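Quick look at what Swiss-Prot annotates:
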- 166-173, 191-195, 213-216, 280-283, 309-311: GTP binding site (BINDING)
- Ser173, Thr193: Mg(2+) binding site (BINDING)
- 1-159: domain 'Obg' (DOMAIN)
- 160-328: domain 'OBG-type G' (DOMAIN)
Amino acid sequence: MQFIDRAEIEVEGGKGGDGIVAFRREKYVPAGGPAGGNGGKGGSVVLKAEENLQTLLDFRYARRFKADDGKRGGPNNCTGAMGKDTIVEVPCGTVVYDLETEEILGDLVKNGQTLCVAQGGKGGLGNKHFLSNQNRAPEYALPGLEGEHRNLRLELKLLAEVGIIGLPNAGKSTLIASLSAARPKIADYPFTTLVPNLGVVRKPTGDGTVFADIPGLIAGAHEGIGLGHEFLRHIERTRLLLHLVDVTSADPIADYEVIQQELTAYGRGLSDRPQIIALNKVDACDQDTLDLIAEELQQLSQSEIFTISAVTKTGVEELLQAIWHRLDQATSNHQDSSLPLV
């Protein structure tokens, strides 16, 4: 399935039903008063978070959503039926913007959470409301009001607790495939991963934690170079970043610094996010070189450093134990966190 994480849609609430002009016509009431009912309220357009959706792909084909109009009032002071709401399902993690004002209207994080994005119009008043001492038989009523109209931008930010970052070909997809049931495309060339991959990794307790393999970042990603700019926002919600460094690259230290610079340039607190560094592909590196890389990185970062092989799973269990520990710390420090365990 194609991964789409941005879409623009048009939403419109239903028009309110018209009020009507009517009079009482009982057999023994020769001078019956006004009895025109009010129009029904128009339906609203409501976005609803759905955990089984993973992409905004559907909005490439359906971009306009309108709720039903309210019904006109009836005689005998009967109010018209309300218009039916239009419910539009979106993936959990969808941020909703007003396209004209750039105002954030809502952030749909939890399954079943709803957000009304276009209110239905109010129903018009029937002639019964215009009865007065001066006018005992009003011959007019009000039409229903138009529904609210908006153009929206939807942006999906994945709900993952651990974001796996690193340069292209650092082994991110291999790692997430070895840890979970996710089966991303894996090949020995840069930019194999073109979309984020999600995998659920089980703790010894049986609880699951969502890991996100973010497409490889390169220098200038925050300015739109490469693939990173489109996907940096997907790690905004993470509690922990797992930074993979390929020890077989020409300059692993420079690789690490490139990613750190991109996190800082992107902003939104990403450079301050708790981080664990994993030196990957140790099965293809001699011990002396590995020790030298680890020593240099330790001088640049206060993050824990682990040595692993995503292919042979060497060191992976120790890495996972450290991740669980850091997440438990984050949970105890942020009991109000909205990121769900799966």
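Count begins at 1; order follows the chain as displayed.
Glycine residues also receive a Cβ, built from the backbone N, Cα and C atoms like all the rest.
Most Cβ neighbours within 10 Å among the binding-site residues Lys172, Lys281: this distinction goes to Lys172. Within 10 Å of Ser173 (Mg(2+) binding site), counting C-alpha to C-alpha distances, fall the following of the binding-site residues Pro215, Lys281, Ser309: Pro215. Taking each of the binding-site residues Gly166, Pro215 in turn and counting other Cβ atoms within 10 Å of its Cβ gives the largest count for Gly166.
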